[in-house]
Amino acid sequence: MISMLRCISLFLSVILITGYFVTPVMSCNCKAPETALCARRCQQHG
């Protein structure tokens, strides 16, 4: 039971962290990148 709860909480935290990093990148404004991550992503895509 405890291991299952731990697994679920780990899964949820991974989803939250991924969402936190992916969402700003998806809506990046390459003309004026708000974050360093955006700037790097914009450079990769040309």
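All positions are counted from 1 along the displayed chain.
Quick reminder: no glycine exception, Cβ is built from N, Cα and C everywhere.
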*Of the candidates Cys38, Cys42, which does Swiss-Prot name as forming a disulfide with Cys30?*
Cys42
*disulfide-bonded residues: Cys30, Cys38, Cys42 - member with fewest neighbouring CB atoms within 10 Å*: Cys30
*Between Cys28 (disulfide bond) and Cys42 (disulfide bond), how far is it from one CA atom to the other, in Å?*
8
*Please report how many Å separate the Cα atom of Cys30 (disulfide bond) from that of Cys38 (disulfide bond), as a whole number.*
7
